[in-house]
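*Asks:* Structure incoming, see below.
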Amino acid sequence: MSPAPADELGRKPLDGGWGWVVVVGAHISIGFAYSTPKVLAIFYKEIQENLGASYSEIAWISSIMLAAMYAGGPVSSKLVTRFGSRPIVMAGGLMCGVSMVTASFGNSMVHLYLCIGIIGGCGLSLNLNASLTIISKYFLVKRPLANGLAMAGSPVFLCLLAPLNQYLLYTYGWRGSFLILGGLMLNCCVAGALMRPVIARCKISNCAPQKKMEDKTNESNSKLKESCMKSAKSFLDLTFFKDRGFVIYLIGSIMFIFGAYAPIVFLSAYAIDQGVGEFSAAYLLTIMGFVDMFVRPATGLIASSKRVRPRIQYFFSFALVFTGTVHLLCPMITMFKSYSYIFLATYAVFFGVGFGMVFALIFECLMDLMGNERFPSAVGLVTIIECFPMLLGPPAAGNTLNMHYPFKHMTESY
């Protein structure tokens, strides 16, 4: 499929300039959005011991946070359309910082569900949607590369926050760590300040006399009011379901999201159950994140090439099939017990490759299908639907693993 055209007003994205600074801001906000639910697993054991919670109760923290991040998509899209990306990302960063600080004073799992899961997840939702939308305003030809660099924030922050959280946990405990993380997440406000709105440029050849321009301005204002009324009447644009390409994209995304995060959540625990040491098992996520860090921008660079760009949907399909095949081969570890860590490290490398390719392309394909004008509404609808497999996927995988591989090391403290 060819790249999405310029918007209805004839404005062409800049494909550079301040757009690269915007990519840096999106890199930071998206990095916190995707890495925070993953690295919170480092604190689970101490929270279990401190609050007397079970592993299944603890696992709901990340699931609720991810579900809230995706469910808030339509609200975030409407706010971005109304106010722009800059104030929305700054508000999301403030919500994330407040959520972690208030969670540090919690004495029950319900308190953590509310603060981290709901408030923090909604803040991450504002960061994610606004960052993706502003990139589509600044880039067209180089948009796959820009998206790849922005989405690379997830593995970069995963590699940085994982050892940092481990250090903070040993030094300050989980409550002190949450206070510090809350302060760090306020940097999303700085990232949002970098997202300067795109200023429309008027071509000299197309400029009309002042009187005609005033008439056009009045007409555009009336059209804007009508569009606002329509958007207020319909919170979710269900006309997207008439688009066959959108429906196929949505089905594939739902199937992928249902199992996307379960391997990340349970990889370390599964490795320990196979006889791997705790610290060696923790490094598996670092290996996966390190590979993912380089794969995302590389995928964006490949997707920007002249040969691949018109066929980017097929490239995305290949990434999905590749990732699924890697997961299907993982249970073969039972055949190589003596080389379990080498096998799991190899699996982490290929998992990082597949995961990086998919998430470098998943929103770029949606932009390509819907175009810049319809993308904010489309991504809002997609994320609210994906929140259900996001919420149910990790717990479902945990129940399956507990049936086949009982994690003894998780229940020794009970």
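From the backbone N, Cα and C atoms, a Cβ is placed for every residue, glycine too.
Annotations in TrEMBL come from automatic prediction, not curation.
Take a look at what TrEMBL says about it:
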- 17-35: transmembrane segment (TRANSMEM)
- 21-414: domain 'Major facilitator superfamily (MFS) profile' (DOMAIN)
- 55-75: transmembrane segment (TRANSMEM)
- 87-105: transmembrane segment (TRANSMEM)
- 111-132: transmembrane segment (TRANSMEM)
- 144-164: transmembrane segment (TRANSMEM)
- 176-195: transmembrane segment (TRANSMEM)
- 246-270: transmembrane segment (TRANSMEM)
- 282-302: transmembrane segment (TRANSMEM)
- 314-336: transmembrane segment (TRANSMEM)
- 342-363: transmembrane segment (TRANSMEM)
- 375-397: transmembrane segment (TRANSMEM)
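Quick one: where do these features end up spatially?
*Replies:* Tertiary proximity for the transmembrane segment (17-35) is limited to same-chain residues at least six positions away from its ends with a CB under 8 Å from its CB atoms, namely 69, 89, 92-93, 96, 124-125, 127-128, 130-132, 134-135, 138-139, 146, 149-158, 161, 185, 187-188, 190-196, 359.
For the transmembrane segment (87-105), the residues of the chain that approach it from at least six positions outside its boundaries are 25, 29, 32, 36, 76, 79-80, 111-112, 115-116, 119-120, 122-127, 129-131, 174-176, 178-179, 181-183, 185-193, 195, judged by C-beta separation under 8 angstroms.
Here the transmembrane segment (111-132) has long-range neighbours at 25-26, 29-30, 32-34, 36-37, 40, 47, 60-61, 63-73, 75-77, 79-80, 85, 88-89, 91-96, 98-100, 102-103, 105, 147, 150, 188, 192, 195, 363, 375-376, 379-380, 383, meaning same-chain residues at least 6 beyond its ends whose C-beta is under 8 angstroms from one of its own.
Counting same-chain residues at least six beyond the ends of the transmembrane segment (144-164), those with a Cβ under 8 angstroms from any Cβ of the stretch are 19-20, 23, 26-36, 38-39, 42, 131-132, 135, 138, 282, 285-286, 288-293, 296-301, 303-304, 309, 312, 352, 356, 359-361, 363-364, 367.
Packing against the transmembrane segment (246-270) from elsewhere in the chain are residues 37-38, 41, 59, 62, 66, 240, 278, 281-282, 284-285, 288, 317, 320, 323, 327, 330, 344, 348, 351, 355, 358, 362, 365-366, 369-370, 378, 382, 385-386, 389-390, 392-394, 396-398, 401, 405, 407, 409-410: each is 6 or more residues past its ends and has a CB under 8 Å from a CB in it.
Remote same-chain residues near the transmembrane segment (282-302) are listed as 38, 144-149, 151-152, 154-156, 158-159, 162-163, 166, 264, 267-268, 271, 308, 315, 319, 344-345, 348-349, 351-353, 355-357, 359-361, 364 (criterion: CB distance under 8 Å, separation of at least six residues from the stretch ends).
Beyond the transmembrane segment (375-397), the same-chain residues lying 6 or more positions past its ends with a Cβ under 8 Å from any Cβ of the stretch are 56, 59-60, 62-64, 66-78, 80-81, 125, 128-129, 132-133, 136, 236-237, 240, 246, 249-250, 253-255, 257-262, 265-266, 363, 366-367, 369.
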*Asks:* Given the transmembrane segment (342-363), which of the listed stretches 55-75, 176-195, 314-336 has the most Cβ pairs that are under 8 Å apart from it?
*Replies:* 314-336
*Asks:* Report, as numbers and ranges, which residues of the same chain sit near the transmembrane segment (176-195): CB under 8 Å and 6 or more residues beyond its ends.
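*Replies:* Contacts of the transmembrane segment (176-195) (Cβ under 8 Å, skipping residues fewer than 6 from its ends): 21-22, 24-29, 32, 36, 43, 84-94, 96-101, 103-104, 127, 130-131, 134, 165, 168-169.
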